[in-house]
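Working notes, beginning with the structure itself.
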Amino acid sequence: MLSFVLRRLLQAVLVLLTISFASFMIQGKLGDPVRQMVGTSVSVEQREALRDELGLNDPTLVQYGRFLGQALQGDLGTSYYYKESTLTVIANRLPATLELSFCALVLVIVMATPLGVFAAINPKNWLSRSILLFSTLGLSIPIFIVAVFLMYFFAIEWRLLPSFGRGDTTQVLGLWQSGLFNKDGLMHLLLPSVSLAFVMTPIFIRLIRAEMIDVLQSDYIRFAWSKGISAPRIYFIHALKNTMLPVITVGGIQTGTLIAYTILTESIFQWPGMGFLFMDAVTRVDAPLISAYLIVVGLIFVVTNTLVDVVYGLVNPRVRIPGYSA
Amino acid sequence: MSLLSVNHLNVVFRQRHQDLQALFDVSFSVSRGERLAIVGESGAGKSILGYSLVNLLSKPGVIDSGSVKFDGRELTTLTARQWQEIRGKKIAMIFQDPMITLNPVLSVGDQMVEAIRSHTRINYNDAKKLAIEKLAHVRISSPAQRFEQYPHELSGGMRQRVIIAIVLLLRPEIIIADEPTTALDVTIQAGILQLLKQVCEDNGVALILITHDFGVVSRIAERTIVMYAGRIVEQGPTLEIINDPQHPYTQGLLNALPQMALPGQRLNQIQGNMPALNNHPSGCAFHPRCPYATDKCRENTPGFVFSGVSTVACFAIEDMLAEFDPEGGWQGEVEDE
């Protein structure tokens, strides 16, 4: 068990090192920090002196080492625009993005599982065919169209839901600005999370359906039928558990896609999260903020996939590492 | 009265353009506690017959006509709900490959307890006690520990024992075993067969053993049915069929056993292959491979005759029998000595 955890940690560290190096390189290519600091009215000699002082003339690897050292102490640089530690800026926006992604994920699971299972159990049913058709359409409609349509009908035509922003938030445990605990916040959350879920659901419907159809043809399912077990138990205990194994893995990888889609969703709905912040940072060429965002997102991705591996181990007894030798 | 009686069973696979018939007019019966073997090459329809008895044919296979009666009750018209009560409880099934018959993500215990609890009102602990007893009954070492384990932690032979234990839990009246030892190591096969035979004897359970191996048949079954291309071609007492096979196909099968060949000699085989479902020969389906085939065999399907040893569907046997005078006495040509 210990060696399993250590191996996972080593992998995570390697991935994060790669991401940090990439974002460090990006930072170096985005504009000149000296110019950002002193403007144009300073002589070339003075600038050179400043560059030396800031260590910008050191070899790239030395600079990267310094960057890494600071990063390990929780310092990912100072945002040009906010004049604040980039981590603080991101941490302020993190709850909004996490809540949006979490709600979208819950919606995806709640929609994709029953629809995928139904389509697998009744492959010839007209409803299954419509589910499949819907999921093909869903796969090919980009999120900004879905989001704009939803916004048009629910916010503008029918005036049922707010079209932008996060609404009221409440302080949770003194460290989290949450929109989940009051009506206004939830109303604001609805359209963005539905849009985000809408683009993620089709792929999971198709995945669950395809896996489940395979599983239902296996011998152990036929044996379960031959024992006289009830249909719901066969579908939801025997088959679904096996179906979910590959789905969990793909789910972990799809967090990457989910984060990418939050950038779009947040921009459309003016959602004050990390994605929105990132778009702003890009337009302002706020290099430290861009690279800090990349590192934080990389961290989220790595942590999620490590958790997914742990969950996979819980569901699949074959990968469980025995604590005792048999 | 027989426990299970199958009459004129026809199974077809419904296809868009044509129906492919897999079983033709199959009739046989099994008495309480009897052990019956169904023998034939791959593609003879043995497994399809097995599955059709518990209504687990894979789609698009359906019972087209005929009847299956269990204890006098017609099974072909049952609803899904009624089937649930028959399966496992009355008719149980053991599959070919124990490595894939148990659900990999559920523990042995879960798979045993759920079987009991879906047929009987019983609390978990009592069900667990029963399950561990059954594991011991099929001679699995440290059954309490096995109960907690997952299938991948057990060997193939052990898994087949677990499966037999699961099947016994519900005290079925018939067990259908579809090639239960084919996927196992030769050294383990004998043990599993012995166990299967013994548990059936101990509990008075009837056994339908589906196999391609006459060696297995002789050790277990009292009666044997030989199938070819979806039809029964011969049935009778096992010993007599083995000692004096009547149908040319049965003769071929027995002749193909390794012990029939001399050391160093090529093994005997029946020339040709089992016909595919969409390429069913006319007349007697065996005629393209039969050394005794005549024009009659190519055009007509033989009915059953009793040869004195077994019931056979073969014109050659029929003709031979016809040469007997019903009054007795040999009417055929007598060879000069």
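The count begins at 1 with the first shown residue.
Using N, Cα and C of the backbone, Cβ positions are placed for all residues, glycine too.
According to TrEMBL, the feature domain 'ABC transmembrane type-1' maps to A:94-312.
Feature annotation from TrEMBL assigns transmembrane segment to A:98-119 (among others).
Within the chain carrying the transmembrane segment (A:131-155), a Cβ under 8 angstroms from the stretch's Cβ atoms is held by residues 115, 118-119, 161-163, 191-192, 194-196, 198-199, 201-203, 205-206, 209, 261, 264-265, 268-269, all 6 or more beyond its ends. The feature transmembrane segment is assigned by TrEMBL to A:131-155 (among others).
What TrEMBL lists as transmembrane segment is A:186-208 (among others). Remote same-chain residues near the transmembrane segment (A:186-208) are listed as 99-101, 103-105, 107-109, 111-113, 115-117, 119-120, 131-132, 134-139, 141-143, 146-147, 150-151, 154-155, 161-163, 165-167, 179-180, 243-244, 246-247, 250-251, 254, 257-258, 261-262, 265-266, 268-269, 271 (criterion: CB distance under 8 Å, separation of at least six residues from the stretch ends).
The transmembrane segment annotation in TrEMBL covers A:243-264 (among others). Proximity of distant same-chain residues to the transmembrane segment (A:243-264), defined by a Cβ-Cβ separation under 8 Å and at least 6 residues beyond the stretch ends, is recorded for 97, 100-101, 104-105, 117, 120, 143-144, 147, 196, 199-200, 203-204, 207-208, 211-212, 215, 273-276, 278-279, 297, 300-301, 304-305, 307-309, 311-312, 315-316.
According to TrEMBL, the transmembrane segment annotation covers A:290-315 (among others). If one looks beyond the transmembrane segment (A:290-315) by at least 6 residues along the same chain, the residues whose Cβ comes under 8 Å of a Cβ in the stretch are 8, 12, 15-16, 19-20, 22-24, 26-27, 30, 71, 76-77, 79, 86-87, 89-90, 94, 241, 244-245, 248-249, 251-253, 255-256, 259, 274, 277-278, 281-282, 321.
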